[in-house]
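Scroll down for the structure; my scribbles are underneath it.
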């Protein structure tokens with residue numbers, strides 16, 4: 001295995017003409033421009049143009065992304081003859097043969113942007129942030145001394161801690177999300193109808209479970225003695241509410257992640273809103289856009 005990897009790495013230094021031909025063939029087959037390919041694998045259009053002009057060659061990670069995008073093997077992409085093999089695969093006799101680039105025929109959608117992983121992480125961070133704020137509020141109420149001599153210090157401390165933890169979760173996530181929007185303003189919808197239906201079904205189940213948690217949480221004070229000091233009734237109640245809220249937020253965001261068209265609309269709105277407002281758009285700018 002090591003020998004095979006070493007062979008492929010060494011052959012990158014003297015990549016044959018077939019790589020350029022294969023790349024152009026795959027783009028033409030998918031009706032994909034150089035700019036489209038560059039956006040999908042995270043490089044500039046000039047880089048793709050240099051690859052096809054044989055002025056430079058892609059790094060190994062970019063080669064792997066190209067293989068994932070078109071569903072072909074690294075060996076076929078670098079050294080094979082995909083155009084000739086595609087023509088041969090059109091014959092009935094070759095239907096049972098081993099296809100060198102299956103994705104060219106089936107066009108299986110692939111997440112080459114890392115979109116799904118980022119949206120899952122974003123949903124988790126937002127849900128956790130909502131939960132810690134509610135928990136901080138509940139802990140503050142639970143440990144605040146009631147009566148004529150009310151001491152608000154515990155409430156202020158616990159609630160502030162909850163808000164601070166939420167900000168620690170949300171701020172990096174938001175910055176990463178904005179950077180992802182700038183890097184990938186438009187992506188293709190790679191989710192299957194089955195995956196979208198599964199997300200909608202999971203959201204419905206999550207909402208039903210959250211309702212049960214809310215009902216259980218509202219009954220906690222009766223079980224613990226109506227907010228008596230240090231009985232943890234308020235903490236238990238708000239704990240249920242926090243968990244219910246986190247479940248609903250996570251399920252809704254997981255369902256929305258499959259709405260790629262919505263992401264593209266939001267990305268377009270962000271791109272329009274970010275140019276310097278002090279500079280009025282000119283007629284040339286309008287035509288260029």
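Just so you know, glycine gets a Cβ as well, placed from its N, Cα and C.
The domain 'HTH cro/C1-type' feature in TrEMBL is assigned to 23-77. Regional average pLDDT for the domain 'HTH cro/C1-type' (23-77) in the model is 81.
Positions annotated as transmembrane segment by TrEMBL: 123-141 (among others). Within the chain, the transmembrane segment (123-141) has long-range Cβ neighbours (under 8 A, six or more residues past its boundaries) at 154-163, 165-167, 169-170, 173, 227, 234-235, 237-239, 241-243, 245-247, 249-250, 253-254, 257.
Per TrEMBL, the feature transmembrane segment maps to 153-170 (among others).
Distant neighbours of the transmembrane segment (205-224): 231-234, 236-241, 243-245, 247-248, 250-251; these residues of the same chain sit at least 6 beyond its ends, with a Cβ under 8 Å from one of its Cβ atoms. Look at TrEMBL and you will find 205-224 (among others) tagged as transmembrane segment.
Listed as Cβ neighbours of the transmembrane segment (230-253) (distance under 8 Å, sequence separation of 6 or more from its ends, same chain) are residues 119, 122-124, 126-128, 130-132, 134-135, 137-139, 141-143, 202-203, 205-207, 209-211, 213-214, 216-218, 220-221, 223-224. What TrEMBL records for 230-253 (among others) is transmembrane segment.
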